[in-house]
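Below: the structure, in structure tokens.
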């Protein structure tokens, strides 16, 4: 991969020429949300680029679809399919390359460049997709195991179905927000003393607000209802990936979740990163998933060896006092099920996937305790203090705490990453 | 309530002048889906009515919003709020009344009447709402108790949280279909012998496809994220009600649902009736919910006595041979939690409800076994035959079986009902 003529692209940026992630921006001169890509510290405004009279010559796949970059979400672009995403990304890389064969279009076109190439700090980032349905899986093996040990001991840590199918549940789409949106501590029903009889809950702010470090996968091409997506074809249905923080209130969860699963403990907010990294950009970073020794069903068998991505993930907490501590470092490879397997399972009974649907991996933790993707694991079920910089400690999140997730892969100068997925906990609404 | 001048309105129709339910139709002359109301055996095409030059004089609340009846879903109309729904319904009742004070608008206007008042059998009915999120509750007390007895015995039939909060889970919005849509039997993972070790599932067509008789509630007015809806204000957020059949595959459910709840066992299809009965139309049919002796939390306390509706519900099965048997008759009053309580609970932590969101009551069964809203109950967990007309029997649904749900209330000539919610089981996709 060559370098770019765009200024201020450091070797450590997650938005190298090898990436070209898509997002939704608004600017002071155009406050209507529309499509851009990120490159270093800049964004390229594709709605502005689409005004160039050579646009459809450069992007023949978008002939008749020039308005796709004026849309307030990426759904219309995603719906064009993976072949179009690939062509468009390739052409943008060509235009931004130091060896571009078409310098007159953008590099040497000062008027267009001034309008289209904008400092990232000057634009506002919006939720990139309109998410119709959100499904959260539980494919992070080490997380499922660690949490299972807490509740059922090491002998029964994993439920019998865990290695046979990618366990998942339907999440709440309406509370998905873009990075930076404040996260209000939820009120909820909590059983303070689970041993007392009769059981008597109280209503109040959750005392156990947690993060969940996840990778999110976004659907591009829908399937018809009743027509499952085969595991071998699932990649063609994927638009790209985001970082996902599936905020969780553990005390609310513990009381409400029997017998139908998590509900208010999860539906107060889920944060995604603003930039969607296209599926093609992550192709070079494939690796093996965690070995599953179970003889799995045919519809879940993937002939490929490398079905997941090795993305370095890290989580910072910043206290209200401003002290920052990195509390977790792990990799997105710590999954027992791949997204193609999740898609094949999800659609097995005929469930239609729609453009913009979000699938979460489930919490990603590594085998080492310092690789934990949740406070539940880091604090051993809320029983041990997590030491932070500045003599501070946590078991769960306090008001004013900010969680930042980062994820990227690749060599210096060619890094492919998501930027930041941030949320700050605000005080609960008074009851 | 007076009678109507519209012909062929029988005293038994669920679409009397007292009802005026809203739906989405297309016609041979206008194939773009748009808004209509039902009256007897006819529909009144509101997109056509909106072309009358006195339209905004008649419907002042729709001034500047004349296009709301040209939309392909009811969402835009629902978003206008309950006051507008009430005004619009009142004016339509006035126009269709035998004592209308404006006969020149429609009754005596043959040209408009010919175009706007159409036989129901000549129009196609579409999904009335675009459903952003679908939540299914479990508020049918007798169902929850009967199923609990099957799995845990009478001592532990209800989980400890059941009487403290309306238990619910997030469903799948993408597979909600309108009455009449064929229902494909889902393939899925099934554990044929739950006692054998190691546990070894197979993949194949569900052998235990079931119906679930439910009432659905549709949200009109959204709340801001982080701002809960109080129980006393929840009625103002409701657009109306539909019948809901939440098809379920019990064998898939049994294997998959631990620990995060039902997933593929539910997401292959949920059917709703095409006509949305407005909240105001059901007001006269309020009654008491099932008594809850638990001291509930303040945010769930409703000062009103009558918080649910007494709607007569019945379920027919028609076999492939054409024999029809009514297998259940019950009432929608068999709920322990009301929709305002469900909405207050759902939004307690800040979760945003959006226009078009669907809340299911959970399966409604009465105290008598013949009032059961699912085959799971009717067949005592799949252990006993249900006797059908024509010497036929069922424990669960066979390919070619058709389930029809009906619901209505009120006296002859003033009945308020939903019409039919129908689905026929089709053979599974070959694996």
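Cβ atoms here come from the backbone N, Cα and C positions, even for glycine.
All TrEMBL annotations are machine predictions without curation.
As annotated by TrEMBL, active site, proton acceptor applies to B:143. With a cut-off of 8 Å between CB atoms and residues at least 6 apart in sequence, the same chain places B:362, B:363, B:364, B:365, B:372, B:373, B:374, B:377 near residue B:143 (active site, proton acceptor), listed in sequence order. Under the three-state DSSP scheme, residue B:143 (active site, proton acceptor) falls in the helix class.
On its own chain, residue B:214 (Ca(2+) binding site) has B:136, B:140, B:243, B:244, B:245, B:246, B:360, B:361, B:362, B:363, B:364, B:373 as residues at least 6 apart in sequence with a Cβ closer than 8 Å to its own Cβ. What TrEMBL records for B:136, B:212, B:214, B:246 is Ca(2+) binding site.
Around the Cβ of residue B:363 (substrate binding site), 30 further Cβ atoms fall within 10 Å across all displayed protein chains. Taken from TrEMBL, the feature substrate binding site covers B:138, B:152, B:253, B:257, B:363.
For B:246, B:266, B:270, the entry in TrEMBL reads Mg(2+) binding site. For residue B:246 (Ca(2+) binding site), other Cβ atoms within 10 Å of its Cβ number 26.
The domain 'Fumarylacetoacetase N-terminal' annotation in TrEMBL covers B:18-128. In the predicted model, residues of the domain 'Fumarylacetoacetase N-terminal' (B:18-128) average a pLDDT of 97.
What TrEMBL lists as domain 'Fumarylacetoacetase-like C-terminal' is B:145-416.
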Cβ atoms other than its own within 10 Å of the Cβ of residue B:257 (substrate binding site), all chains, total 22
Close to residue B:270 (Mg(2+) binding site), taking Cα pairs within 10 Å and only the binding-site residues B:138, B:212, B:253, are B:212
Taking every pair from B:138, B:152, B:253, B:257, B:363, which the record gives as binding substrate, the longest CA to CA distance in angstrom is 19
Listed binding-site residues B:138, B:212, B:214, B:246, B:253, B:270 screened against chain A; CB under 8 A survivors are B:138
Fewest neighbouring Cβ atoms within 10 Å among the binding-site residues B:136, B:152, B:266, B:270 goes to B:152
CA pair residue B:152 (substrate binding site) / residue B:212 (Ca(2+) binding site), Å rounded to integer, equals 21
Spacing of the two Cα atoms, residue B:253 (substrate binding site) and residue B:266 (Mg(2+) binding site), in whole angstrom, works out to 8
Expressed in Å to no decimal places, the gap between the Cα atoms of residue B:257 (substrate binding site) and residue B:266 (Mg(2+) binding site) is 11
Going by C-beta under 8 A and a gap of 6 or more residues, the same-chain neighbours of residue B:138 (substrate binding site) are B:144, B:162, B:166, B:167, B:168, B:362, B:363
The rounded CA-CA distance in Å from residue B:212 (Ca(2+) binding site) to residue B:266 (Mg(2+) binding site) is 10
